[in-house]
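Since the structure comes first, as structure tokens, the remarks are kept for the end.
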Amino acid sequence: MAGSPSRAAGRRLQLPLLCLFLQGATAVLFAVFVRYNHKTDAALWHRSNHSNADNEFYFRYPSFQDVHAMVFVGFGFLMVFLQRYGFSSVGFTFLLAAFALQWSTLVQGFLHSFHGGHIHVGVESMINADFCAGAVLISFGAVLGKTGPAQLLLMALLEVVLFGINEFVLLHLLGVRDAGGSMTIHTFGAYFGLVLSRVLYRPQLEKSKHRQGSVYHSDLFTMIGTIFLWIFWPSFNAALTALGAGQHRTALNTYYSLAASTLGTFALSALVGEDGRLDMVHIQNAALTGGVVVGTSSKMMLTPFGALAAGFLAGTVSTLGYKFFTPILESKFKVQDTCGVHNLHGMPGVLGALLGVLVAGLATHEAYGDGLESVFPLIAEGQRSATSQAMHQLFGLFVTLMFASVGGGLGGLLLKLPFLDSPPDSQCYEDQVHWQVPGEHEDKAQRPLRVEEADTYA
């Protein structure tokens with residue numbers, strides 16, 4: 001392990017103590033507040049003489065399995081493209097998600113399912129917690145390779161709280177419709193991470209630039225993450241929608257949007273690529289934007305054609321972002337976006353929110369019939385017009401951007417505290433800083449890691 005004895009000693013204690021404290025505090029809060037809901041508690045369920053076939057587990061758990069695989073396998077492997085950071089990409093994804101799902105159960109529980117002095121949990125709580133963990137992992141992608149595990153846990157601690165508040169404001173106070181989380185998950189997670197990355201800007205990061213690229217096998221592993229995410233994204237968007245036509249429509253719209261974004265990505269990648277060749281970075285990421293861009297509108301009457309058009313647009317915009325905007329983001333705005341979350345989640349999330357504004361504004365009783373109540377209950381009840389709902393959708397986007405920006409700024413200041421362990425500029429994107437790597441002794445003998453140096457946050 002590289003570094004001075006003092007840093008090594010601090011690293012040895014910092015992560016264990018923080019993990020023990022967070023897990024202990026979470027366990028105490030669970031003991032005091034968390035209880036099974038009526039669909040999970042043995043006595044309450046059987047007291048009502050329900051048939052086991054009616055339990056929500058049988059309707060929701062298949063979607064939960066897909067979402068869970070996306071969070072732990074999809075996100076984890078999507079970030080293993082860095083040639084010397086695979087352990088950290090998968091391992092820290094595992095760590096962050098495991099903590100975030102516990103902490104978000106509490107935060108979301110206090111906001112959404114707190115009654116009788118307790119938080120009541122079931123399979124929907126598990127899905128919501130995974131959604132929140134997904135937002136945290138999106139933010140992680142923006143600072144991948146430049147932060148230590150203790151910093152990341154503190155980032156999650158703050159972000160989960162702000163995620164829960166933002167979600168509560170949008171869904172419960174503003175009545176925004178966002179079935180697949182274009183705003184609450186993707187836009188929030190992306191811009192929280194981007195602002196965080198800006199605050200943590202490292203002017204001397206060039207010292208580790210040689211590790212920031214991929215190699216052949218790391219790109220292949222990343223494609224595993226891409227395919228997992230691509231396959232399961234219809235379940236992600238439909239996981240918590242109303243059973244029946246709404247859930248069916250959500251999966252269908254996402255399915256077609258993903259297909260179109262993939263073709264758009266291949267087309268643009270070849271068009272802007274050197275000698276007309278495809279860029280694996282584009283394929284790994286931009287092909288997924290079809291799932292992001294229809295997140296808000298997937299439950300609405302978007303139409304299959306609308307889903308195709310939205311997906312194709314998202315794929316092309318994201319590919320152009322990776323090719324042209326990412327370098328500008330770093331050189332002009334000093335945002336070092338390791339995974340390009342602005343192109344995969346940020347821009348497509350904003351486009352998805354704007355698409356939701358458009359589709360909500362076109363909602364009519366004739367188009368939705370009796371299904372209007374499940375998609376736009378306030379319009380069905382006569383409390384809002386379609387135009388008013390569209391304006392609330394637009395305001396929800398601005399609220400999300402505000403929470404994400406302020407939260408990312410606060411998170412950056414928190415993570416810059418001098419006692420928190422982070423890799424020096426010359427050791428970013430390097431597994432050996434935090435992991436025992438097979439063959440590391442031979443590697444050090446040939447090319448030793450640099451001695452300890454100070455971080456250079458701007």
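Positions of Cβ are set from backbone N, Cα and C atoms, glycine also.
Note that this is a predicted model, so its numbers are computed, not measured.
In Swiss-Prot, Gly86 does not share a side of the membrane with Phe110; the two are on opposite sides. For the topological domain 'Cytoplasmic' (202-219), same-chain residues at least 6 beyond its ends with a Cβ under 8 Å from one of its own Cβ atoms are 80-86, 145-146, 280-281, 284, 336, 338, 425-430, 455-458. As a quick check, the transmembrane segment (62-82) and the transmembrane segment (347-367) miss the bar of 3 or more Cβ pairs under 8 A, pairs 6 or more apart, so the two do not touch.
Note on the topological domain 'Extracellular' (108-124): residues 33-40, 56-57, 60-61, 64, 132, 164-165, 167-168, 172, 240 of its chain, located 6 or more positions outside it, place their CB under 8 angstroms from a CB of the stretch. Secondary structure of the region 'Interaction with ANK3' (416-424) per DSSP (helix as H, G, I; strand as E, B; remaining residues coil): 0 helix, 0 strand, 9 coil.
In the topological domain 'Cytoplasmic' (202-219), the DSSP tally of helix, strand and coil residues is 11 helix, 0 strand, 7 coil. The recorded stretches the transmembrane segment (347-367) and the transmembrane segment (179-201) share 3+ CB pairs below 8 A when only pairs 6 or more apart in sequence are counted, and are therefore in contact.
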